[in-house]
Amino acid sequence: MALGEGNQSSVTTFILLGFSEYPNLQIPLFLVFLIIYTVTLVGNLGIIVVIRFNPKLHTPMYFFLSHLSFLDICYSSVFTPKLLEILVVEDRTISFKGCMVQFYFVCAFVITEMFMLAVMAYDRFVAVCNPLLYTVAMSQKLCALLVAGTYAWGGICSLTLTYSLLELSYCGPNVINHFGCEYSAILSLSCSDPYFSQMTCLVISTFNEVCSLLIILASYLFIVVTIVKMPSTGGLQKAFSTCASHLTAITIFHGIILLLYCVPNSKSSWLLVKVATVFFTVMIPMLNPLIYSLRNKDVKDTARKLIHTKLLSHSM
């Protein structure tokens, strides 16, 4: 028995097809994804450094934003290096264990980010609807508990989904029509009944999507009601500006998740799945720091000061 006592799998490695059906695009895609990944790392690390160095940004909103940037770095780094590798080398294999580890971490980070965005929506709700009680309501202890809860829940859900995949048998073929170990791509290779795994994924995915969206929608419903009641346009503009970046990030993140849910499971749809996954795992982590930094005066000012200080120290 090759992979343990839980199943009768004989497959020990998988072959990732990636975008091999477009041989002329391998190098251009490699360069594009490398640039995006570099921007992702620099942008998200930059956000974390800026928040750490500016005491003015030591607030719950920026505490959650720094964790969002950390999550973007993590799940982009689980998928993108392997994607870059298979674009330039002939050996496109990944071990069975490596595949399951990749799936576990991507799944854990994505679910954690899903609820981190929901926590950030709740934070905006408290800030706009109860500004006088904001520092009391969003205490350091509560913020730490909310963050720890999102990480723990992401890990538990991912562990459950990974276990459901490990219970299946994989006896060939071993070719994954994807650039990474995405759930539906792994499931398509199983030679045993996938009902339990499919139901587990359906229940967990639906519960997480519905719960996170309900928290976000409820928070923004109260925010809209509060903004409408504001007598001054200045207060309205300030309240809207604090939520605009977050709403943009939520729309992109959940929009692509829902697109992936709606894609039919057929051979003709695999290209759409791969393109949507590229947006999800490669593009979104790059966009988040751009969304938050370009619309945020405090972040931009701190970044300028840090760059100016570094340049002065090097020139002297």
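Each Cβ is built from the backbone N, Cα and C atoms, and glycine gets one as well.
Some features that TrEMBL has for this protein:
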- 27-50: transmembrane segment (TRANSMEM)
- 43-292: domain 'G-protein coupled receptors family 1 profile' (DOMAIN)
- 62-81: transmembrane segment (TRANSMEM)
- 101-122: transmembrane segment (TRANSMEM)
- 142-166: transmembrane segment (TRANSMEM)
- 202-228: transmembrane segment (TRANSMEM)
- 240-261: transmembrane segment (TRANSMEM)
- 273-294: transmembrane segment (TRANSMEM)
Here the stretch out of 62-81, 142-166, 202-228, 273-294 with the most C-beta pairs under 8 Å to the transmembrane segment (101-122) is 142-166
Looking only at the domain 'G-protein coupled receptors family 1 profile' (43-292), mean pLDDT returns 87
Given the transmembrane segment (27-50), its same-chain partners at Cβ distance under 8 Å and 6+ residues beyond its ends are 19, 57, 65-66, 69-70, 72-73, 76-77, 80-81, 83-84, 87-88, 278, 282-283, 285-286, 288-290, 292-293, 299, 302-303, 306
Spatial neighbours of the transmembrane segment (273-294) not adjacent in sequence (6+ beyond its ends, CB under 8 Å) are 19, 33, 36-37, 39-40, 43-44, 46-47, 65, 68-69, 72-73, 75-76, 78-80, 83, 106, 110, 178-180, 182, 184-185, 245, 248-249, 252-253, 256-257, 259-260, 263, 300, 303
